[in-house]
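Right, one structure below, let's go through it.
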Amino acid sequence: MIPSILPTYNRAPLEFVSGKGVWLEASDGRRFLDLGSGIAVNSLGHAHPDLVAALTDQAGKLWHVSNLYQIPQQQALADALVGASFADTVFFTNSGTEACELAVKMARKYWHDKGQPEKTTIIAYHGAFHGRSSAGIAAAGSEKMTAGFGPLLPGFVHLDYGDMAATKDALKDPGVGAVIVEPIQGEGGILPLPDADMKALRALCDAAGVLLILDEVQCGVGRTGKLFAHEWAGITPDIMMVAKGIGGGFPLGAVLATEDAASGMVAGTHGSTYGGNPLGCAVGTKVMEIVANPEFLADVSRKGGQFRQGLEGLVASFPDVFDHVRGAGLMLGIVCKAPNVDVVAAGYDAGVLAVPAADNVVRLLPALNLSDDEINEALARLTKAAEAVQTALDAKAEG
Ligand SMILES: Cc1ncc(COP(=O)(O)O)c(C=O)c1O
């Protein structure tokens, strides 16, 4: 019999009842150090007092009004995002997937309104993840996500991530209107595109007169130590998708765009009942207030360096379990030799939560405000998990 919850997830037998900072408490009383943050969502940990206050203050006043009316909380967050980024304008969504939908629509409408409606093709990259909607799975293109869901939204071309020569070649097609890419692939295995490639991609898009869409749903909002990951390369996109960390745990996403890229999106071309609701925007504004502070971001970089150094030591101590560390800031991945799911499962026993990703990677995406002591505690628990995996490997080798 089908379970009452549609069984699209393989869930771990863990049930959490409360959280504070990087700590989660399970229904059986066990405490877990959360290095997954709901997959890069709880950017300021669980139950951050300022976010709780922002949400509950707003909840006491007004939950929802239609986008048919002015929403001052939405205006405040849009102003904060525009003030802190390349963007001139913002549309709010409830998720990263919805941001992907709009990014694709915006790029196509741009060319339609510029009198070049044939420029519908979007270049995307293998290993990408842009969400689970029809546009999202077509954009990512992997068999795993698309099998059985055809006919797919047409108009996507898939190249190897980081293959600039292939990108240059594909851009020769006059039907190409945009490129969509994650500056750091998250689900794909915490794989950063080097700054030089980000710069080259911007230059190639400029030369071809094509829009650059960045998917910063996972790597944005302070995760790498800059407010947005593309800032490290000193470039800006035309359109950017944001979600996850911007809501700190409240469902919130956004598409940020330049005035030119957004020029096709006039009244009546897009909408959302809940997108930009007062609750989400009140929380998002508070997240921005905290995260967009240069001192906070510098501390993310410092802690990212400290955590990474500890992880390098862990990899050196367990060469049969781990291969190497990659990522940026507090978006770190350990490429494993042992099955990554075994490491994650051993983590559960050691009281630490991490998240598997493609390419046999264990993802570590802790709250950006975790303390130095919590980094040390995380390393101690990961060491315990690695010991257990090593013991299992030894037992298997003995026979
Ligand atoms: C890079 C990226 N884009 C888009 C999405 C989809 O976001 P959501 O799950 O909020 O719809 C995700 C989610 O993991 C993501 O990591």
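Cβ from N, Cα, C; glycine included.
So that you can see what the record holds, here are the features copied from TrEMBL:
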{"type": "BINDING", "residues": "Gly96, Thr97, Phe129, Asp215, Glu216, Val217, Gln218, Thr273", "note": "pyridoxal 5'-phosphate binding site"}
{"type": "BINDING", "residues": "Arg132, Ser272", "note": "N(2)-acetyl-L-ornithine binding site"}
{"type": "MOD_RES", "residues": "Lys244", "note": "N6-(pyridoxal phosphate)lysine"}
Among Thr97, Gln218, the most crowded of the binding-site residues [Cβ within 10 Å]: Gln218
Residue from Phe129, Glu216, Val217, Gln218 whose C-alpha is spatially nearest that of Ser272 (N(2)-acetyl-L-ornithine binding site), among the binding-site residues: Val217
Where Asp215 (pyridoxal 5'-phosphate binding site) sits in the secondary structure, as DSSP reduces it to three classes: strand
Close binding-site residues near the residue listed as 'N6-(pyridoxal phosphate)lysine', where close means Cα within 10 Å, chosen from Gly96, Arg132, Thr273: Gly96
Cβ-Cβ distance under 8 Å to Thr273 (pyridoxal 5'-phosphate binding site), same chain, at least six residues away: Ser66, Asn67
Candidates near ligand 1 among the binding-site residues Glu216, Ser272, Thr273, judged by a Cβ under 6 angstroms: none
Number of Cβ atoms other than its own within 10 Å, given for Glu216 (pyridoxal 5'-phosphate binding site): 30
Cβ-Cβ distance under 8 Å to Asp215 (pyridoxal 5'-phosphate binding site), same chain, at least six residues away: Gly96, Cys100, Ala103, Ala128, His130, Ile180, Val181, Glu182, Met240, Met241
Of Arg132, Lys244 (the recorded positions), the residue whose Cβ has the fewest other Cβ atoms within 10 Å: Arg132
Secondary-structure category, per DSSP, in which Ser272 (N(2)-acetyl-L-ornithine binding site) falls: coil
Residue with minimal Cβ packing [other Cβ atoms within 10 Å] among the binding-site residues Phe129, Ser272: Ser272
